[in-house]
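Report on the structure given below.
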Amino acid sequence: MKQYLELCNRIIDEGTWIENERTGKRCLTVINADLTYNVGNNEFPLITTRKSFWKSAIAEMLGYIRGYDNAADFRALGAKTWDANANENQVWLNNPHRKGVDDMGRVYGVQGRAWSKPDGGTVDQLKKIVDNLKAGVDDRGEILSFYNPGEFHMGCLRPCMHTHNFSLLGDTLYLNSFQRSCDVPLGLNFNQVQVYTLLALIAQITGKKPGMAYHKIVNAHIYEDQLALMRDVQLKREPFEPASLSINPDIKSLEDLETWVTMDDFEVSGYQHHEAIKYPFSV
């Protein structure tokens, strides 16, 4: 919680007002934030100064792992996070590449599991990473990238958290995750959970020990219609002791994650939190 609260206060104290063209709103913005999560010690970065819907965050990451491109598939897992971008973004609604209701296009996990090649084939980045790590191989390029500028026009949203770089030292697995943009009041609690859980899951299915996860954010911001709630409500609350995350040990392969895993395979214990805060969402 400490590094989360420090970033929120830094944005309020040092941020610059920037006009966001996509949303038509101003954002109080800082550049560069580095957060770390000790996954090996099970220091789960779950926000306690408001209720955090951690199951939705993990469900969304599971959808990325499966390469989903439809908001209905995310809803079936327990995440409604893509409903608005798939169905309420006017630019996407007018896009000829949109296939219909709930279609997200070639975003996030689609790129991670089926990156298009010039010869007409696809690259499954995640499978290559998992296969290498299971064999004890780190080629210094165990990189999962969702950022494909050549296909931005074929999706409803550019990826915010766009790259995950895995590194193996002995039998300990590390993760560096890179995020170009972060809606701190709404998105950061999700993103923290996702970075942590991604390392925990990939370590588990490759037979490695999880180490540290390093989370780099470039543009961290608070929208103008979120500022009062963050400054006058959430930051006035005292944080509780951190919770811990347990993952079903029967999850042993990428195929398991692709087929039968549900939110019932994840459990958070000791989660004390303040009341939920409904921050405005900007499509």
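Note that Cβ sites are derived from N, Cα and C of the backbone, with glycine treated the same way.
Pulled from Swiss-Prot, these are the features on record:
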BINDING   Arg22, Arg180, Ser181, Cys182, Asp183, Asn191, His221, Ile222, Tyr223  dUMP binding site
ACT_SITE  Cys160  active site, nucleophile
BINDING   Asp183, Ser282  (6R)-5,10-methylene-5,6,7,8-tetrahydrofolate binding site
Tyr223 (dUMP binding site): tally of other CB atoms within 10 A of its CB: 22
Densest Cβ neighbourhood among Arg22, His221 (binding-site residues), 10 Å radius: His221
Extent of the dUMP binding site in Å [max Cα distance among Arg22, Arg180, Ser181, Cys182, Asp183, Asn191, His221, Ile222, Tyr223]: 21
Chain-internal residues near the residue listed as 'active site, nucleophile', provided their CB is under 8 angstroms and they sit 6+ positions away: Gln179, Arg180, Ser181, Cys182, Gly187, Asn191
DSSP three-state assignment (helix, strand or coil) for His221 (dUMP binding site): strand
Collapsed DSSP category at Cys160 (active site, nucleophile): coil
Cα-Cα distance linking Ser282 ((6R)-5,10-methylene-5,6,7,8-tetrahydrofolate binding site) and Arg22 (dUMP binding site), given in Å to the nearest integer: 9
Separation of alpha carbons, Ser282 ((6R)-5,10-methylene-5,6,7,8-tetrahydrofolate binding site) and His221 (dUMP binding site) (Å): 12
